[in-house]
């Protein structure tokens, strides 16, 4: 068993990004910096939830990762499945304890989110489109988690909607990327059921809906601060163009990575908008 596997299996860069998005959700909602204690707790609860979710996902995806992700800790033998299971439980438990010190609503939301992550990895992931929507909902809830911590919603509501829509697009495109391994496991993902091309249309549609939703703050009188979102919209539309042009594994990987980056860029754009309006 490799010690570094305990770090690697959590996908720390993803968890770091998620934690930052949670904190930025607080800032976007309040239009200013939250208390340091609140910011640290929000970051840790989101980070630990993401880490636990990635770990339990790898536990249940052991067989399919032998095909799609053979370099990951479990399929390459760097960590046992039993260790991964208990590690995920420890991560979730620590996050729930910390959430108690934020407020009751964030405590309850953390429990719901963590349980949803487990059920998703256990049962929902192979279900066509439903699994995609669940993951996107969890991602969309991340900035809302930070907003609830400061008792405000504000622009974080629109940010959460955009994060949800763009992540539906990303999850569908990821399924296009992983179609070979999913077929080998017998999963019934959207690309397997309706074909790569039609799935690409679905992914592109949600990407376009994200861009449309991103204009909502203008109606709230956000002013010139919205201009920061325009480059993000361009990245999202380019991702849609890529997947419509080609559905091969390499292109799908590139498109979904761009959409992943766009989530963080969108948070930064909304942050700028909330501070300069």
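Including glycine, each Cβ sits where the backbone N, Cα and C put it.
What Swiss-Prot records for 16-36 (among others) is transmembrane segment.
Annotation comment: Swiss-Prot describes 40-60 (among others) as transmembrane segment, evidence class sequence analysis. Long-range contacts of the transmembrane segment (40-60) within the same chain, counting only residues at least 6 positions beyond its ends with a Cβ under 8 Å from a Cβ of the stretch, are 9-12, 14-16, 18-23, 25-26, 34, 72-74, 81, 84-85, 87-89, 91-92, 94-95, 98-99, 101-102, 106, 110, 113-114, 117-118, 120-122, 125, 138, 142, 145-146, 149.
Here Swiss-Prot flags 83-105 (among others) as transmembrane segment, drawing on sequence analysis. Residues of the same chain lying 6 or more positions beyond the ends of the transmembrane segment (83-105) and with a Cβ under 8 Å from any Cβ of it are 1, 6, 9-10, 38, 41-42, 44-45, 48-49, 51-53, 55-56, 58-59, 73-74, 111, 114, 117-118, 148-149, 151.
Residues annotated as transmembrane segment in Swiss-Prot: 107-124 (among others).
The transmembrane segment feature in Swiss-Prot is assigned to 146-166 (among others); the stated evidence is sequence analysis.
Annotation comment: Swiss-Prot describes 202-222 (among others) as transmembrane segment, evidence class sequence analysis. When Cβ-Cβ distances below 8 Å are used as the criterion, the transmembrane segment (202-222) is approached by residues 155, 158, 161-162, 165-166, 168-170, 172-173, 176, 190, 194, 229, 232-233, 236-237, 239-241, 243-244, 255, 259, 266, 270, 273, 277 of the same chain, each at least six residues removed from its ends.
According to Swiss-Prot, the feature transmembrane segment maps to 224-244 (among others).
Tertiary proximity for the transmembrane segment (256-276) is limited to same-chain residues at least six positions away from its ends with a CB under 8 Å from its CB atoms, namely 17, 20-21, 24-25, 27-29, 31-32, 139, 143, 154-156, 158-159, 162-163, 166-167, 169-170, 173-174, 177, 207, 214, 217, 222-226, 228-229, 231-232, 235-236, 238-239, 242. For 256-276 (among others), the entry in Swiss-Prot reads transmembrane segment, with the evidence type sequence analysis.
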Per the Cβ filter (under 8 Å) with a sequence gap of at least 6 from its ends, the transmembrane segment (224-244) is approached by 166, 169, 173, 176, 200-201, 203-204, 207-208, 210-211, 214-215, 217-218, 251-252, 254-256, 258-259, 261-262, 265-266, 268-270, 272-277
